[in-house]
Every structure is written in structure tokens, then in C-alpha cells.
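Residues or ranges marked as domain 'Acetyl-coenzyme A synthetase N-terminal' in TrEMBL: 22-79. For 81-468, the entry in TrEMBL reads domain 'AMP-dependent synthetase/ligase'. What TrEMBL lists as CoA binding site is ARG191, GLY192, GLY193, ARG194, THR308, SER522, ARG583. The ATP binding site annotation in TrEMBL covers GLY384, GLU385, PRO386, ASP408, THR409, PHE410, TRP411, GLN412, THR413, ASP499, ARG514, ARG525. What TrEMBL records for 530-608 is domain 'AMP-binding enzyme C-terminal'. The feature Mg(2+) binding site is assigned by TrEMBL to VAL536, HIS538, VAL541. Annotation comment: TrEMBL describes LYS608 as N6-acetyllysine.
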Amino acid sequence: MPKTYPPSAKTAARAHITAENYGPMYEQSINDPDTFWGEHGKRVDWIKPYTKVKNTSFEPGKVDIKWFEDGTLNVSANCVDRHVETRGDQTAIIWEPDDPNTTESLHITYAELQVHVCKMANILQELGVGKGDRVVLYLPMIPEAAYAMLACARIGAIHSIVFAGFSADALGARINGSDAKVVVTADHAPRGGRSTPLKSNCDAALLHCKDSVKCLVVKRTGEQTTWTDRDYSYNDMRLEADDYQKPEEMNAEDPLFILYTSGSTGQPKGVVHSTGGYLVYASMTHQYTFDYHDGDIFWCTADVGWVTGHSYIVYGPLANGATTIMFEGVPTYPDAGRFWEVCAKHKVNQFYTAPTAIRALMGAGNEWVEKHDLSDLRLLGSVGEPINPEAWNWYNEVVGKGNCPIVDTFWQTETGGHMITPLPGATTLKPGAAQTPFFGVKPVVLDPQSGVEIHGNDVEGVLCISDSWPGQMRTVYGDHERFEKTYFGDYAGYYFSGDGCKRDEDGDYWVTGRVDDVINVSGHRMGTAEVESALVAHVAVAEAAVVGYPHDIKGQGIYAYVTLMNGQVPTPELRKELETWVRAEIGPIAKPDLIQWAPGLPKTRSGKIMRRILRKIAEDDFGSLGDTSTLADPSVVDDLIENRMNRN
Ligand code: 6R9
């Protein structure tokens with residue numbers, strides 16, 4: 001029996017949620033969601049209070065999700081204005097730059113935040129942005145990213161953030177996909193001592209977009225950039241912009257943002273989140289999962305380009321009047337002690353990061369942690385992929401000194417906030433398990449083949465959710481049918497997560513990873529189909545199949561099997577060229593780790609690529625290939641095995 005960790009008396013004594021109140025609250029959230037959420041929905045300020053709470057259906061063909069549907073509110077008023085009245089001088093955002101030796105960190109109070117957000121809102125309006133319009137944000141991790149998010153929310157515009165590590169092509173596709181009016185970017189994005197030319201990427205992207213799209217440019221480094229007729233300087237415009245802007249009254253169900261994410265088929269889809277339900281859920285999970293109390297300093301190391309940054313750098317913490325850290329850099333720059341230096345410098349109380357970072361820092365050695373005073377840390381969090389027990393133990397012992405509960409939070413871009421997670425004052429922790437459902441979440445384990453619910457404990461299957469929760473995505477932008485098909489098409493009446501899971505003998509959930517063609521590289525979601533379509537877009541490539549394989553640091557690496565066009569010669573130079581090509585098509589995170597030249601791919605007689613076999617070979621586990629008798633040409637497998645790239 002692996003060791004488990006009950007909440008310490010100290011943790012339990014101060015916790016919002018304890019072993020005593022979790023059970024009854026959870027029961028009510030499931031059995032009487034109207035009463036439960038009717039009460040908890042009041043944690044945010046409404047302009048017009050709701051009278052209806054839950055109105056949701058997972059029924060095939062009629063999937064429809066509405067929460068608090070007749071209420072009105074404004075997210076920016078909730079994240080900013082209401083705190084200005086009570087804690088205007090408190091720091092809202094601590095900004096920590098990429099390079100601590102050349103740049104000072106910043107402390108932005110709630111009163112200052114209001115001015116920044118209002119100015120940005122006025123600038124966006126001047127550029128023609130109104131309620132319901134889309135604005136793409138392609139920014140470094142700078143305070144202006146938060147100002148722009150909140151400014152959109154203030155005027156009722158819908159933001160769509162594109163991670164600054166994505167390429168010009170990916171950016172262009174997302175600008176067009178949401179028909180955005182304005183793109184907000186910066187001259188350059190410093191990260192890990194290197195600099196990405198965001199503005200010139202943006203110029204390249206906009207070549208493929210409507211002429212009417214405007215570009216608002218924030219000065220970050222001051223390095224030279226080209227300037228065109230569509231460009232506007234944020235730094236100039238803010239000198240003239242008014243410092244107040246009245247928040248727009250929004251319906252609870254108006255979209256707050258779009259965020260593109262990868263799925264198992266086709267191009268990334270625009271996940272749409274709502275105004276009311278999302279904010280209630282993001283703020284409640286932030287407070288309870290991290291046991292956040294007034295005055296605490298909270299640090300989520302994610303980028304705002306991912307959902308984790310949306311919910312737990314900006315919306316959740318600011319709705320709760322928290323002090324939230326925005327970190328521009330990477331864990332290993334200037335050295336492998338950076339995370340711990342920042343924790344010590346700002347006296348961080350709750351620290352939230354990804355297993356890939358934990359594994360990398362574990363490999364760098366304990367001395368980097370021990371150099372810094374981490375005595376203010378009270379809680380540690382993990383997100384993005386399953387955390388292996390070795391990394392969990394290191395996080396617990398070396399970083400947390402055995403005094404900080406670890407919350408292993410399972411959730412998704414689609415879910416808006418935590419779904420399955422320990423609560424620090426209530427849960428006896430098990431290393432490697434996300435464990436218990438958050439309020440309002442009803443996980444079920446289904447048999448993957450029959451789709452029948454598997455009851456009881458000590459069972460395994462696919463993870464579905466059987467009823468709606470307020471933070472759930474509402475639709476795929478512009479394609480409700482795709483929403484239904486993707487999430488409700490496989491198992492009628494259930495939201496399907498795409499993950500496999502076990503429910504152990506105590507009823508705790510262990511999420512075991514994707515069961516579809518989504519791979520998880522350093523906690524970033526990648527559709528194998530996206531990488532494949534980038535590869536086949538290269539003139540030399542006839543066919544490509546991409547799978548994940550176990551990678552010590554990244555969790556999964558990208559393994560590509562490439563069949564070249566007739567007459568093309570496989571050379572190391574071509575391999576390099578394909579790597580660079582994928583980087584340019586999608587972004588650095590999509591670059592294949594291994595490319596194997598494949599004279600042929602294993603296919604069924606009907607032409608389907610048998611990925612199961614390719615996965616096994618990539619895992620260097622070809623002893624158990626299973627049945628290959630349905631292959632059109634079984635001999636291709638021998639060649640693939642002989643030339644495999646990953647030998648353990
Ligand atoms: C928040 C976020 C979602 C996918 C999800 C699952 C994996 C995330 C996890 C986890 C096990 C955890 N995942 N957290 N698996 N334990 N604590 O990561 O969103 O980028 O959409 O990824 O990540 O496979 O389906 P997103």
C-alpha cells in the first residue's frame with residue numbers, strides 16, 4: 001500500500017472545505033444543483049440577479065447548456081471594480097520579468113488595474129471593437145495581456161488568446177477562424193533569454209487576413225519593428241485614452257472568450273466559455289482547491305495562452321480579490337533555481353505548476369531548491385498531465401518540506417475549471433491520483449466498447465461526466481454540431497473527456513491519459529492529426545503518421561513516421577528541414593522529437609493506418625504488437641521495427 005497523507009491539523013483548521021463539510025456539500029451539489037449553485041452563484045456580483053439556475057441538456061441532438069440564464073453581470077467589474085472599493089491599494093498583479101538582472105518586477109494595485117483596464121477598453125473601442133466582436137491576443141506574459149483580457153470583458157468583446165509560441169500560420173488561422181477585428185500583440189516576447197518577434201509573426205499572419213483587421217502593438221522590448229497602415233501604438237494611444245469606462249451589462253450566457261484547443265480529428269476547435277457560469281466556477285475552484293485566503297500570494301506558472309492561465313492567473317484569482325503572479329520567464333532561466341527564487345522573493349503561499357516542470361527541476365538537483373527560503377509556501381498544485389509518484393514525492397519532500405498539501409488537479413480547456421482534485425483540508429492525499437470530484441461534478445466510468453456505466457470500485461474504463469457544471473464550455477465557436485459530435489457523440493447522454501481512468505478500491509479517481517489521438521507534450525495538448533497535416537504539406541512528404549511515446553521530462557514526445565514522395569532521398573538534412581517546417585507551420589511545441597523514415601505504413605485492407613502498432617513500435621515495445629493479420633502488407637512492420645528510433 002503506497003503511503004497516503006491526511007490533512008495536517010493546521011491545514012484542516014484553516015481550510016474552507018474540510019472532511020466534515022465536503023461530503024454534505026458535494027451531495028447537495030449533485031442532488032439539488034439548483035439550491036447549491038443558486039447559493040454559490042452569489043459569490044460574484046450580479047447587475048440583475050438570476051432567478052433561474054440550471055437549464056442544461058446532454059440529450060443527443062439537443063445538447064444545450066445554460067446557467068444563471070436570466071442574470072446579468074460584468075466580469076471586469078467583478079475582477080476589478082468591486083475590489084477597488086474594498087482593497088484598492090492591495091496588489092492585484094505582481095509581474096515578474098523574464099530576466100531579473102535587467103528588469104524590475106512590478107506591483108499593480110487594484111486601483112491601478114482599473115485605470116489600465118479602462119484605458120485599454122477605451123483604446124479597443126476607438127479601434128472599432130464593440131459588444132460581441134472578437135479580439136485576438138498574441139502577447140508575451142506581460143500585465144497588458146491581463147489588461148486586454150479584462151478590457152474585452154469590460155466592453156463585452158470576446159477575446160481569443162493565441163499562445164505566443166504559435167507560428168504566424170497558426171495565428172492567421174485563428175484570426176480568420178474567429179473573424180477578429182483587432183489583434184493585440186507586442187514588439188517582441190523575451191523568454192528564457194531569447195526573444196520571439198511577435199510583431200513580425202503578426203505581420204506575416206495578417207497577410208492572409210482581411211485588410212480591415214487592425215493591429216494594436218504593445219511596446220515590450222522597444223526593439224525595432226516594421227510599421228504598416230493597420231498598426232496602432234498602444235503606448236501612444238494610452239496617453240490620450242480616458243481612464244474610466246463603464247462596464248457593459250452582459251448576460252450570463254454571453255461568451256466571455258474563445259480558446260482554441262486540439263482534438264483527435266481535424267484542426268483545433270474554438271472552445272467557447274460563458275460569462276456567468278465560467279466566472280462562478282473559476283473563482284470557486286480557485287478559492288477552494290487552493291484554499292485561498294485574503295492576503296495570500298498566489299502563483300500559477302502557466303501562460304495565459306492556455307486555459308490554466310485564463311482561469312488561475314486572471315479570472316479566478318482576480319474575481320477573489322487575490323494577489324496573483326504573472327511570470328514572463330521559464331523555470332530554468334537564468335538558472336534552475338528561478339521558480340524557487342521567485343517564490344522566496346514574493347513570499348508565495350500557493351504555487352501551481354505542471355509535472356513536466358517538476359520533473360525537469362527534479363533532474364537539476366535539490367541544491368537549486370535548498371538555496372531559497374520557501375517557508376511561506378503552504379500549498380502546491382499540479383496540472384496538465386498525470387504526475388508520476390516519483391515527481392510527487394520530490395515535490396512534497398524537497399519543495400514542500402513535507403508541510404504542503406499537493407493538489408493534483410484534473411481538468412481541461414473544455415471544463416473551465418478543476419473537475420477532479422483533492423481539497424487540501426478534506427482529502428487524504430494519494431500520490432499520482434486526482435482523487436475526488438469538485439462540487440457539481442459527477443464523474444462516471446464507462447466501458448469503452450459498450451458505453452455502459454461501470455459501477456462499484458476497483459474498476460477501469462473511460463472518464464465521462466454525467467451532468468453539467470457551471471464552468472462547462474457552451475459550444476465550439478461557429479459549429480455547435482461539432483461540439484455535440486466531439487463531446488457527446490461517442491457516449492450518448494454523457495460528456496466524454498477523452499481520458500481513460502480508474503476508480504480505485506476507495507472510490508478515488510486516477511486519470512490515466514488520453515484514449516484518443518491527442519498527445520500531451522509537456523502538458524500541452526497536441527492533436528496528432530495537426531502534426532500529420534503539417535508534415536504532408538511539405539513537398540517531399542507523401543504520407544505521415546504521428547504518435548506519442550514516453551518521454552522522461554515532457555511526459556510524451558512526438559514520434560513521426562514519414563513516407564517520402566517517390567524519388568526523395570531520406571537524409572539528415574531533410575529530417576532537420578521537416579522539423580523546422582513543422583515549427584513554422586504550428587510552432588516550436590509541435591516539433592517532432594523523432595522522425596522515422598517509413599517506406600510504408602501499416603494499414604488495414606480498407607486503408608486505415610493502424611496506430612496501435614505504430615504506438616507500440618514508438619514505445620519500443622514491439623514484442624506485444626497484437627494481431628497484425630488484418631494488415632494489407634504485414635512486412636512493413638518488420639522494417640519499422642528494424643529502424644525504430646527509440647531504443648530503451
Ligand atoms: C488544464 C489542462 C487537458 C488534458 C486532459 C488530460 C490531461 C490535465 C491532469 C491531466 C491527469 C491531471 N490532464 N490535468 N491528466 N491528471 N491532473 O491541462 O487543459 O490543455 O485542455 O488538457 O490534460 O489528458 O484531458 P488542457
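Here the Cβ of each residue, glycine as well, is placed from N, Cα and C on the backbone.
Unlike curated entries, TrEMBL annotations are predicted automatically.
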Listed binding-site residues with Cβ under 6 Å from ligand 1, out of GLY193, ARG194, PRO386, TRP411, THR413, HIS538: PRO386, TRP411, THR413
Mapped DSSP class for ARG583 (CoA binding site), helix or strand or coil: helix
Integer average pLDDT (0 to 100) for the domain 'AMP-dependent synthetase/ligase' (81-468): 97
Summary of DSSP states over the domain 'AMP-binding enzyme C-terminal' (530-608), given as helix, strand and coil counts: 24 helix, 27 strand, 28 coil
The domain 'Acetyl-coenzyme A synthetase N-terminal' (22-79): DSSP-derived helix, strand, coil residue counts: 26 helix, 11 strand, 21 coil
Between GLY192 (CoA binding site) and GLY384 (ATP binding site), the C-alpha gap once rounded to whole angstrom: 21
Nearest of the recorded positions (THR308, SER522, VAL536, ARG583, LYS608) to PRO386 (ATP binding site), judged by Cα-Cα distance: SER522
Binding-site residues compared (ARG191, ARG194, HIS538) - the one with the fewest other Cβ atoms within 10 Å: ARG194
Additional residues surrounding Mg(2+), by Cβ distance to the VAL536, HIS538, VAL541 centre under 8 Å: ALA534, LEU535, ALA537, VAL539, ALA540, ALA542, GLU543, ALA544, VAL562, LEU578, TRP581
TRP411 (ATP binding site) to THR308 (CoA binding site) - Cα separation in whole Å: 9
Neighbour count (Cβ, 10 Å) for GLY384 (ATP binding site): 22
GLY384, THR409, THR413, ARG514 screened against ARG583 (CoA binding site), Cα within 10 Å - retained binding-site residues: none
Most Cβ neighbours inside 10 Å, all chains, among the binding-site residues GLY192, GLY193, PRO386: PRO386
Which of VAL536, VAL541, the listed binding-site residues, has fewest other Cβ atoms within 10 Å: VAL536
Conformational class of TRP411 (ATP binding site) under the three-state DSSP mapping: coil
Using Cα positions only, nearest of the binding-site residues to THR413 (ATP binding site) (ARG191, GLY193, THR308, VAL541): THR308
In the chain carrying THR409 (ATP binding site), residues 6 or more apart in sequence that have Cβ under 8 angstroms from it: THR289, TYR352, GLY381, SER382, VAL383, HIS418, ILE420, THR421, ALA434
